[in-house]
Every structure is written in C-alpha cells, then in structure tokens.
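Now, the feature entries from Swiss-Prot:
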ACT_SITE  Tyr200  active site, proton acceptor
BINDING   Gly46, Ala47, Asn48, Thr49, Gly50, Ile51, Gly52  NADP(+) binding site
BINDING   Ser175  substrate binding site
Amino acid sequence: MLFILVLLTSFLSILYLTAPSIRKFFAGGVCTTNVQIPGKVVVITGANTGIGKETARELARRGARVYIACRDVLKGESAASEIRADTKNSQVLVRKLDLSDTKSIRAFAERFLAEEKKLHILINNAGVMMCPYSKTTDGFETHFGVNHLGHFLLTYLLLERLKESAPARVVNLSSIAHLIGKIRFHDLQGQKRYCSAFAYGHSKLANLLFTRELAKRLQGTGVTAYAVHPGVVLSEITRNSYLLCLLWRLFSPFFKSTSQGAQTSLHCALAEDLEPLSGKYFSDCKRMWVSSRARNKKTAERLWNVSCELLGIQWE
C-alpha cells in the first residue's frame with residue numbers, strides 16, 4: 001500500500017513538473033490575422049469574465065467599439081475599466097443583459113438599437129454549465145433557456161442591424177460536449193429526466209444546429225455565422241458545480257488560459273475569406289468535424305421552429 005502511495009505521489013509530482021510543457025502542447029491554434037477593425041461595432045455576451053473578457057480585450061485592442069453585455073453590471077464595469085486601461089481604447093461599454101429573462105434581452109436590444117446604427121460582429125459567448133435543475137424567468141430549463149433560447153432571441157432582435165452593416169458575422173460558442181447532446185423534443189425542459197451534464201450537452205448541440213440553420217437562412221445577405229469550441233479552459237463557467245470546480249482546480253495546470261480559449265472566437269470574428277465556411281464548426285482556429293446529430297437538417301429546421309414558438313416570435 002505504501003509503495004502504491006509513493007508511486008502515485010511520484011507520478012503526480014512528475015505530471016505537475018511537466019505541466020507547462022503539456023499545457024503548451026495542448027494550447028491549440030492562434031488567431032494569426034493582423035486585421036484591424038477601427039470603427040467596427042461589436043457585441044459580446046458574458047464578456048465581464050473568462051473567454052468573453054479576453055475576446056473583448058483583443059477586439060478593443062484592434063480598434064473596435066465593444067459592448068460588454070452581461071448580467072452583473074458591476075463586474076462588467078470592472079472588466080471594461082481594465083480593458084480600456086490596457087488597450088487605450090475608451091470605446092468599451094457595458095450594458096445589462098440577463099439571458100435567463102426575455103424581458104432583459106428585449107430591453108438590451110431596444111437600447112442598443114437606439115444607440116447604434118451599425119453592428120458588425122455579434123459574439124454569443126455567455127453560458128451556464130452543470131446547473132442543478134432550475135428554470136429561467138420564462139420557465140425554460142436553464143441550460144436550454146440561457147445557452148440556446150437566450151442567444152436565439154438576441155440574434156433575432158439584432159439581425160436587421162447586422163444585415164444593414166454587412167459584411168457582418170455571428171459567432172456562437174458551442175462545445176465538444178455537443179457529442180453527448182440530443183435534442184429531445186418531447187422533453188426540452190428536462191422535466192421527465194434530468195442530468196446537468198447532458199443538459200449542457202443538449203444546449204451545445206442546439207448552438208450548432210442554430211448556427212447551421214442561421215447560416216442557411218442568411219445566404220446572400222452578407223451576414224455569416226460560425227460555431228466555436230474554445231477548448232477546455234480555466235474559467236468561471238464551472239461555478240455551478242462544486243465537483244467541477246474541484247476538478248478544474250486540480251487539473252488547471254493543463255487547461256488553456258482564457259486568452260488561449262479566446263483564439264478561435266477571434267479567428268471566426270476576424271479571419272479573412274471565411275464566408276464560404278458559414279455555418280461550420282471551428283476548434284483551434286480550424287474547421288472541425290461535428291456529430292451526425294449536429295448535421296441533421298430536419299432537426300435543425302424543427303428546432304428553429306420550436307424555438308420561435310417558445311419565444312413567441314416569427315422568424316422566416
């Protein structure tokens with residue numbers, strides 16, 4: 001027993017000593033474009049922390065007018081102040097947006113449209129993960145309501161401004177977790193059977209299907225859409241699960257930093273000549289394979305229609 005303990009301790013010690021090299025190996029792709037975007041207007045949800053914050057920082061550095069759309073305005077202002085100081089770009093603004101409340105989403109969109117005549121990049125970055133069963137203000141299961149329906153409604157409300165500003169892009173953060181996802185139309189709200197991990201996977205699959213269908217419907221408008229897997233990133237998204245927080249801390253030396261996790265979002269927002277790949281899924285700044293469920297045209301169309309029904313909107 002003592003021998004096994006010593007062996008395990010030695011193995012973990014070696015693992016942690018080599019962590020910097022391992023982390024560098026798994027760091028993934030880097031957004032290499034030098035494109036500058038002065039005068040461009042960007043909205044990023046959940047940009048008060050994590051990947052979204054680093055995405056906002058880089059886009060501000062490149063000259064964009066960046067809107068941090070987040071639930072916690074105080075954290076948003078703190079992030080914005082840091083980004084403004086770091087980039088010397090004063091055009092980093094914070095607006096209240098709670099994706100678990102359709103009234104908040106509509107209020108954000110109404111204010112933004114009154115303030116801005118252009119919108120060139122919309123990055124649907126915010127998300128929740130591994131939440132105990134709960135519902136949004138409007139009665140939707142939290143993962144499905146925030147990660148999918150909230151961004152679906154926001155995109156719908158801002159779409160005309162994107163079209164008017166074309167060429168424009170929509171970037172939806174998905175995840176490799178879509179591989180465990182399944183759109184269970186008979187139980188979208190998870191009332192019959194619920195597992196937080198699968199609920200997250202279902203919502204990430206919904207993000208991919210939404211991106212696919214959105215790209216199809218936007219053909220010829222000058223607006224393109226992309227889905228992104230940022231990688232396994234050390235961020236606050238695990239805050240709803242004690243077990244995940246513990247595991248994330250334990251294995252944090254091997255995960256991507258938030259800056260590394262932002263690279264694929266930046267690639268899809270900035271890289272030139274991506275238009276032919278609208279609707280596709282990217283990881284480490286290159287196109288990646290998706291599950292057969294994520295390629296199902298009928299499921300994508302049905303999810304679109306059901307989402308419209310649940311939100312009470314007409315989106316042809």
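Every residue, even glycine, has its Cβ placed from backbone N, Cα and C.
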Please report the distance from the Cα of Thr49 (NADP(+) binding site) to the Cα of Ser175 (substrate binding site), rounded to the nearest angstrom.
18
Using a 10 Å cut-off, grab the number of neighbouring Cβ atoms around the Cβ of Thr49 (NADP(+) binding site), all chains included.
21
Inside 10 Å of the Cβ of Ile51 (NADP(+) binding site), count up the other Cβ atoms and send me the figure.
32
If you count Cβ atoms within 10 Å of the Cβ of Ala47 (NADP(+) binding site), leaving out that atom itself, what do you get?
30
Taking only the Cα atoms, work out how far Gly50 (NADP(+) binding site) lies from the residue listed as 'active site, proton acceptor', in Å, as a whole number.
18
Which state, by DSSP, holds the residue listed as 'active site, proton acceptor': helix, strand or coil?
helix
Tertiary neighbours of Ser175 (substrate binding site) (same chain, Cβ under 8 Å, six or more apart):
Tyr200, Gly201, Lys204, Asn207, His229, Pro230
